[in-house]
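Features as listed in TrEMBL:
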- 778-791: compositional bias 'Polar residues' (COMPBIAS)
- 3-122: domain 'NB-ARC' (DOMAIN)
- 215-285: domain 'Disease resistance protein winged helix' (DOMAIN)
- 330-439: domain 'Disease resistance R13L4/SHOC-2-like LRR' (DOMAIN)
- 494-739: domain 'Disease resistance R13L4/SHOC-2-like LRR' (DOMAIN)
- 759-791: region 'Disordered' (REGION)
Amino acid sequence: MKVWRTFARMELLKVMIKEFFGKEALKKQLEGNVVREEDLANYLRKELLEKRYFVVLDDLWNIDDWNWIKNFAFPSSNNKGSRILVRTRDVGLAKKCSLESSIPLIYHHKPLETNDAIYLLLRKTRRSEKDMDNDVKMREIVTKIVKKSGLLPLAILTIGGMLATREVSEWQSIYNQIPLELESNRSLEAMRRMVTLSYNHLPSHLKSCFLYLSIFPEDFEIQRRRVVERWIAEGFVIVRDGLSAEEVGNSYFDDLVNRSMIQPSRVNIEGVVKSCRVHDIVRDVMIAISRDENFVYVAGNSLTSVVNKTFRHVAYHGIMCQNIGMDWSHVRSVTVFGERSLGPSPSVCSLDMRMLRALDLENAQFQVTQKDISNIGLLRHLKYVNFSDPRGYSAIYKLPRSIGKLQGLRTLNIGDSYITELPTEICKLKSLCSVRCTRVIRSYRWFDLDEPGKCLVNTLCLPILFTPLVDPSEHPEVVAELHMAWSSRWSWSRGVKVPEGIGKLKELQILEVVDIRRTSGKAIKELGELVQLRKLSVVTEGATKQKCNVLCDAIQKLTCLRSLTVNNFLIGSGVTLEWLHVVSSPPPLLRSLKLDGCLGEIPGWVGSLIHLVKLRLSRTVIKKEGKIMEILGPLPNLMHLRLGYGFYSGEKLAFKMGAFRNLKKLGICDLAKLRELKFEDGTSPQLAMIYISWCELASGIIGVNQLPKLKQIALGPYGRVANLAMLQSEVDAHPNSPVLRLSEERSHHDLGGTVAQVGEATEESSSLHPEPAAAGGSSESVVTTNVRSDN
């Protein structure tokens with residue numbers, strides 16, 4: 001658990017509850033009236049009192065924070081053998097923490113051994129021991145570099161990042177610039193000098209990209225897509241012949257990773273870094289340089305601040321306050337991570353910000369309303385707009401027609417809002433590359449047709465809703481919900497209606513999510529004219545067969561498409577996904593395919609997708625196991641397969657010899673009739689991760705020992721297998737040392753008894769919602785509170 005240098009105590013308590021007890025427990029605690037810090041702390045202490053826990057507090061900085069965490073967040077007495085491990089740079093703080101332990105213990109991190117340091121440097125520079133054996137001078141300079149680096153991993157990685165792009169003959173000049181004090185004084189200041197040296201050696205085009213990351217708070221997980229799109233909007237990316245701006249921007253991101261200026265945080269199944277973090281020492285240097293160059297201004301928690309300099313980029317990490325003296329005409333980006341001030345605060349779309357290129361409110365800790373964006377047409381230089389609200393608090397229900405004035409706009413992210421349709425003016429934005437309008441399914445609070453009486457009363461009483469009798473803070477949400485209900489005809493659509501003329505957006509590469517039911521046939525047909533489209537997501541529930549056939553024709557014209565998602569959640573609605581069977585020429589470059597809806601059988605053309613890496617099939621109600629293996633097994637590049645929610649209605653699923661040669665991750669979720677998962681000899685040689693949830697495998701998981709690369713079997717909620725002890729012993733005996741992870745107590749995952757044969761009916765395996773069994777003995781498994789498979 002990361003403890004920031006300055007952290008919000010309320011947020012830390014939320015993180016702890018979520019990590020210990022799951023999202024639902026946190027949601028339950030946050031419901032109702034205003035939640036106080038004391039309420040969350042009391043709940044946490046009470047729940048942990050009888051639990052055995054092991055907590056790692058990473059990067060603690062001061063004794064006051066330790067005293068608060070120890071006394072406020074954890075029970076004062078716990079005799080279950082619980083442990084708290086504290087990682088800190090402050091030796092004095094470490095001693096104070098250890099004095100309160102029954103067994104005082106301080107472990108000082110030691111530098112690397114010389115051979116390990118040399119290995120790390122060689123790996124970072126993409127060289128080997130053999131290279132040193134063939135070059136005596138290389139061995140000498142490598143040995144000198146690791147010694148002068150103080151054998152510190154961060155220093156070695158940072159130096160290696162500089163050396164990787166240079167010939168060995170140039171390494172001596174880099175060695176001469178390494179701060180002398182690193183070898184004898186492994187202080188923070190010495191490391192900062194080392195990082196500064198690395199920054200100075202960055203190519204000019206990477207320096208702005210690097211400093212731009214100081215916009216994000218400490219230890220923030222920075223999404224690759226988000227930052228690359230913003231670099232492009234800011235003009236940092238220099239397009240090269242034959243490459244798109246996105247490809248060049250992604251190469252910049254990879255370059256910073258390779259130089260160890262940023263650290264990989266999340267890596268996908270293909271080994272692509274999808275998000276990163278910035279080491280706190282590196283961030284210190286980054287902020288200092290940004291401040292000196294008037295590049296980024298970070299506003300804290302003061303209610304007002306006086307700004308005497310001109311900055312290019314403004315980030316609110318605390319309260320979005322009034323900045324006296326700020327010359328907004330020079331500001332190119334505004335990013336909000338904090339709350340809105342109760343007093344005067346800058347408008348989100350003010351004419352004063354007329355030179356703004358990027359406006360990012362995704363992590364704002366306040367409700368963004370329709371009023372906030374009503375003047376967006378004034379900001380005519382905008383290229384990046386992000387109003388997405390993953391918390392679901394947004395009260396935006398309509399894009400202003402003035403958005404058509406943003407002729408340079410490239411990225412529009414309005415996810416998780418009340419918006420149900422895109423205005424016709426969107427078709428004027430010829431530079432638009434990405435439109436994300438994913439929608440959460442919001443339950444109606446005031447205008448629910450399932451409660452017609454309540455809906456009618458609230459509609460008739462609308463004037464009263466805007467009087468002091470109703471909390472004014474709820475007014476934006478009332479209006480947004482009414483607009484959503486009316487414009488979508490009270491549907492539960494997860495998508496938006498796109499206008500006719502959408503085919504004019506020839507630069508569009510990403511479009512999600514389109515509601516086919518409410519979009520006209522002409523607009524659906526125009527989707528096939530988006531020749532650059534690489535990612536498309538649609539929902540077809542409630543759509544006519546005619547519209548689905550038009551969509552089918554459009555999809556076949558999208559030859560650049562890399563990712564396709566088609567959802568029809570409402571089984572029994574009369575419209576299935578069987579229209580996909582008539583596809584004769586699927587997009588040849590598809591790498592990701594997600595189909596959620598009744599297919600009857602897997603379309604034969606899926607077997608022709610030789611570039612397919614990720615496949616998710618749900619609610620397709622397949623009955624024949626052989627057909628699954630016949631079509632999916634030979635796919636040469638398939639790495640991630642997820643089968644869920646009624647995809648398969650058989651009792652046995654066997655992975656055959658020679659099938660799934662590159663499969664690395666397998667997810668099985670909510671296959672109610674499945675009783676046996678079997679891996680035959682010679683199948684899935686690369687499979688590393690198996691995730692099972694909402695399934696009862698009365699015949700168990702057979703053939704674990706046939707998977708040479710297996711790293712983990714994870715049993716999620718209601719993932720139950722027969723004879724868990726036997727599975728544990730097979731995992732323990734596996735030569736690759738995999739781990740068995742459980743999301744709940746061991747007894748909740750164990751069907752008990754011996755492994756049953758497929759076809760045997762047992763009372764215990766007849767329900768996915770059994771009464772919790774009595775707690776059993778101790779478990780050798782690794783027990784976690786939140787096991788899941790990444791979608």
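Cβ from N, Cα, C; glycine included.
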Helix, strand and coil counts within the domain 'Disease resistance R13L4/SHOC-2-like LRR' (330-439) (DSSP): 21 helix, 21 strand, 68 coil
Residue counts (helix, strand, coil, in that order) that DSSP gives for the domain 'Disease resistance protein winged helix' (215-285): 32 helix, 12 strand, 27 coil
DSSP-derived helix, strand and coil totals, residue by residue, for the domain 'NB-ARC' (3-122): 62 helix, 13 strand, 45 coil
